[in-house]
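Taking it in order: structure first as structure tokens, then the write-up.
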Amino acid sequence: MSEVIPVRVAVRVRPLNSREKAENSQECVQCFVEQSQISINGKMFTFDSVFDPTTSQEIIYDECAAPLLEKIFDGYNCTILAYGQTGSGKTYTMGTEETVTASSEGRGIISRLVDGIFKEIGTSERHRVTASMLEIYEEKVIDLLCISRECLQIRESKGAVFVQGLSVHPVSCLEDAMKLLQKGCQLRSRGETAMNDKSSRSHAIFTLCIEGNESAESTLFKAKLHLVDLAGSERLKKTQAEGERMREGIKINEGLLALGNVIASLTDQNATGRHIPYRVTKITRLLQDSLGGNSYTVMIACISPADTNADETLSTLRYADRAKRIKNKPTVNADPNMALIQGLRDELASVKHELAMLRAGQNLVKLEDNQTISEITNDCKRCVELEKQNLENQEDYNRRNVRFAEAMVENSKLVEQLLASQQIVEQLRDHMREIKKKSENKEFDEAMKILDIAINLRGPVEEEKDKDVFDIGEDDADDETSDQAFVNRFTEKQIALNKDMRDILEEIKQKELAFEATVASQTEIVKMRDTYAAEMEQLQAKLIVLEKEKQELLSKLKGSSIHHKLSEERRKRLQELEKELAVSKRRVGEIQKLEKENIRLQEQSKKLSIELGELKKLRVKMSKQMREGEVRFRKWKMMADRNMAQLKNQVRKREMEMAREQHAKNLQLAVYRRKYEEANACNRRLQMQLTKSTTRAKTCCDGQFISALNDELAVAYSAAEAEIHCQILIEQRKVLSLQQQKLMKRQEKLLKEPPVKRRTGFDMEVEDERQAIEEQLKNLDREIQLRGSELSDIQKKCTKAYSDEHRDRLWSALRNLTEAKAGLDRLFDATVNERRSCLEKDSLIEELRRDMDEMKNFYEKKLDVMRTELNDSKAEVGVLRRTLAEAELCYAKQEHDMINIWNEMVEGHFDLPDNVIRNLNLVKEAANNFTSLQQAFEQKQRDLEKSRARVYHGRLRRKTGVTDGMVHGRSLSESIMEESGNGEDLSKTYQIRENRKPVERLGVAMDLDSIFSDEKGEDMSTADSDLSYHPTPQKITRKRQSSLANVPGRRDTFVLNEAPLKKIDMDQEPKNEPIPSCSTESDFNPNATYTVEQCPGLDHRSVITRDLFNEL
């Protein structure tokens, strides 16, 4: 009899991964390894084994997989399956994606178990091991060891389930099995989701079949080992799967749901003889023997300890808790043919024994049915023949097995060769496609290379344009350091060049002096040579003469020994001649020395001339280098100034962006706090509902079931609301964790930054920034801790609300069928009411959505109209500006002519003629026209500012979502006025900046194109980024008065230029000189006082106002 054993269930808790640590997730699971218990948010579960995050792979193998080795060689089927949420460590635990070169410490269950099997087999030839691997992808069974990837069918024969057409490969060692496993994993379907970069998108089953016969008497057994790596359960909201990934996730969840239904059906104690839905999905069909069938089964549930995955972890634990109640009935798998042969052997042995007893005369056995000795003899002969035939069949069977194994090996080799050939073909195709692309995009690649070179040659300022504002300060320091290094190198190089230039100039000077001295010496020697040339000839002739005379005297001295006195004179003469001859020879020697010195000086002069030429060339080359260095430095200086200006603009823009981001963060934090308060209130309500429900359940009596049911419904509603707040708290903590990481990275940069790198002018700013970051980190840590504690509390209460004991206590309060009917009526009414409420809210949401769309369309149309009006106003303003400039030029000319006439009049050269009065009238008319134009221009300017303000408000409402003109309980204009500085006028506070180029009114008139040159370059678009509002300073009106005469009378007012004119000194007291009288036809009054004032309307420039001749 085979015994009934339960499925062995183990739970493994993985450590927190980097993503969960980055989100500041907290552990919501407590492991009690010695008691084999695990707790999640107060809910306790007990399993066969519990492994905490510190447990090694070896311990898990020894606890879960090693005991199955003995069962495998006893002929039992065994199954190990890993179940859990996606990214919980199933594949790592099983070791499905391991390679041959994996480390011994990190090896999973598959490689360790296969290694144990082959160690157990050793060198025995009585065992045969084969392997196969398949995947279930979107309810399709695919052979992973076959390149065709055809969809296979599941068949059943004599109660055994198998896959028709699944390839089987013989293995003889661990390396062979791992190569097959690696090959299958390469073909397995995988994908990337938000929770796992390498998520398995299919269920994988690696099967080992062990056949053996350890002795001649024992039966042949055939055991199967199924190693199952289930795909992880996932929520589409968390994985953010779309398209194909979403369909894969749906199929995976459907398969796991069907597996859960099978487990629930197997563990239902009240459903005796109930149908088990194995055929719903392919995975349950293949695991039919492993769940409630003929197998020793071990299930490893892998879970995540993070509180962000608390719901999935709780679901996995409940899944595993149901699975451990499954009962299996394993039996030894014997070959039916061998069982028949063994029966025949037993029968033959008994017949032989009886025959031997009969031959010995001992009739100890009764012959049934009147069997005769001849019949027994025939049976014995038949048994002998059958035995011989059996032996022949066995030998034929063995030969066929050998041939089959050889064919399988050859087939696997051919398949591997085919795979290798296909891979080579694919590589060649890819290579050909790459070559084709390269040939087509050759010019593009060359352009990209040029572009890369240009990018590499860009300055550090342009490379860092798009970095964070915190990096700009560091980049500024880098730029300053590199700029300073460039300046230092340039200075050192220039100093070295100047020093070399001075040395070269000094050397040139010395060489020139030496050359001049050499030339002078050579010239002197040439002169001396010319002077002594004649003397040389004379000396030569004289030497010849002296030599002759000497010879003659010597001969005479030898021949005249009689006359002593005469010989004495000749002897003296001979001595004198010898002295003169020696002097002449010395003189000749000196002349020869001068010749030699002349030759040496000529050679030295040539050498100095060559060296001097080389030095001059070197001087020219160094001068060119210095000029080129100066040109480069000037270019660099211009570029550095331009980059510095760009950096300043960037810093200013980033500061504005930081201010806006800080404001947005403050608003976000305020929203987060409000959501936290709502979650806290929901937590309190849930606690009250749980307390009330528990109290009522304890004191529940007849007639109070409906009240208890209402309390249970209230608890369910509060728990559902609490789960929504849990998700909100998790998302808030994730966002706050990201902000915390950014601040920590910035803090690390500031701490690692060397002091030399910082600019001295920004030390205080760096310290203030560091303190601000520390303060922000403290606030963020406090907010994260608050949300973590609140999240843990809410999850515990939700777990308690959804616990089975809590529900069982309610349903156990039912006394009779009447209360059950009343409870069902209450549940039906509650369901109908909730459905009605949902429909009403859906209709309300749809109505609000329509209203929002209508309002959006309305404001978009209004915005388009305002944008059109703004463009029209801009065009009108442009026309008015041009007209105003023309009027200013015309008026400036008339003003200049009038002032010249007025100066001549004041000097008294002539009386005021009629043409002066006419000119003044013309000036008055021009002033009136100019004033009217100025007023029209100012009116258009005000209209334009109002239009721009309306556009700005409309865009602000569109971006912030405020449709009723209110921002946090205040009107939009009030918010803007408060930001602008305590209620300044909106039209004065927010204006679009304009670049007005001044126009000279006196002197030479300027060209109108030059006046509007800045206006042409101004961007007149109406995009959001072009609207930049800045406060406009109030213009100051200044007045200056100068009395031309101390005579009371009427006062005619006009305006003059601030610059002192040629004939009128505005700062000088009037002289006591008689004013020339005017003509009788003139209306000019010489006794009137004329006031000179500054017009406040046109950028502090003097213009003539309308009051010029208001009394004429």
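Cβ coordinates come from backbone N, Cα and C, glycine included.
A TrEMBL annotation is a machine prediction, not a hand-curated record.
Values in this document were obtained by computation on a predicted structure and should not be read as measured data.
Per TrEMBL, the features are as follows:
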DOMAIN    6-326  domain 'Kinesin motor'
BINDING   GLY84, GLN85, THR86, GLY87, SER88, GLY89, LYS90, THR91  ATP binding site
COILED    529-664  coiled coil
REGION    1016-1050  region 'Disordered'
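The Cβ centroid of GLY84, GLN85, THR86, GLY87, SER88, GLY89, LYS90, THR91 marks the ATP site; residues of that chain outside this set whose Cβ lies within 8 Å of it are ARG14, ALA82, ASN196, GLY232, CYS302, SER304, given in sequence order. The number of other Cβ atoms within 10 Å of the Cβ belonging to LYS90 (ATP binding site), over all protein chains shown, comes to 26. Contacts of GLY84 (ATP binding site) defined by a Cβ separation under 8 A and a same-chain sequence distance of 6+ are given as LYS90, LEU230, GLY232, SER233, ALA301, CYS302, ILE303, THR316, in order along the sequence. DSSP assigns THR91 (ATP binding site) to a helical segment in the three-state reduction. Mapped onto three states, the DSSP output places GLY84 (ATP binding site) in strand.
Listed binding-site residues: GLY87, GLY89. The one with the lowest count of other Cβ atoms within 10 Å of its Cβ is GLY89. Under a cutoff of 8 A between CB atoms, and with a sequence separation of 6+ in the same chain, the neighbours of SER88 (ATP binding site) are ARG14, GLY232, CYS302, ILE303, SER304, THR316.
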